[in-house]
Structure formats: structure tokens, C-alpha cells
Amino acid sequence: MRTFLVTFVLVVVVGVISAYPSNPVEVEAEDFDAQDPDLQTFQDTFYEVPQVHSRQKRATCDLLSAFGVGHAACAAHCIGHGYRGGYCNSKAVCTCRR
């Protein structure tokens with residue numbers, strides 16, 4: 001009981017210290033327009049080419065088969081996608097049941 005009380009008091013003290021407002025920082029009035037990047041730099045970063053991601057179909061069956069949970073991981077993967085379950089076929093690809 002005493003350990004619980006000490007832990008609770010410690011958590012409350014840390015919470016109060018972190019929530020206590022600090023002194024406001026004085027900010028000098030500067031020319032903020034000079035700090036803005038030019039419009040072309042902004043547009044170049046806005047229209048970047050999206051990254052192409054690799055989708056590996058055999059990850060659940062191949063990688064987890066060493067631990068003996070390949071079929072269970074495949075079934076959980078399929079249930080997560082809204083199917084009734086799944087299994088690893090002979091090519092180590094997860095096949096979902098409908």
C-alpha cells in the first residue's frame with residue numbers, strides 16, 4: 001500500500017511540474033517576410049513524386065513459417081481484411097477464404 005502511495009504521489013508531482021507554465025519567451029519583432037522561402041521552393045516540395053512501395057505477398061507465410069505460426073498469421077491477416085480465414089498454399093502464398 002505504501003509503494004502504491006509513493007508511486008501515485010510521484011506521478012502527480014511529475015504531472016504538476018510538466019503542466020506548470022513556464023515564463024513566456026520574449027520574441028523580437030523581426031522582418032518575417034525575409035525568412036519565408038520563395039514560392040518556387042514551396043511548390044517544388046508540394047509536387048514531389050510519390051514513393052512506390054513494395055508489397056510482398058509471401059511475408060506472412062514465408063517469414064513466420066520458421067516460428068511455426070505461418071498458417072495462424074495468414075488466417076489472422078485474412079480475418080483482418082474481412083474474409084473468413086486463410087491458409088498458406090504450397091507456394092507459401094497466403095490464400096484467403098471467401
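Cβ atoms are placed via backbone N, Cα and C, with glycine included.
Candidates considered were CYS61, CYS96; the recorded disulfide partner of CYS78 in Swiss-Prot is CYS96. In this structure the alpha carbons, written CA, of CYS96 (disulfide bond) and CYS74 (disulfide bond) are 8 Å apart. Around the Cβ of CYS94 (disulfide bond), 21 further Cβ atoms fall within 10 Å across all displayed protein chains. DSSP assigns CYS74 (disulfide bond) to a helical segment in the three-state reduction.
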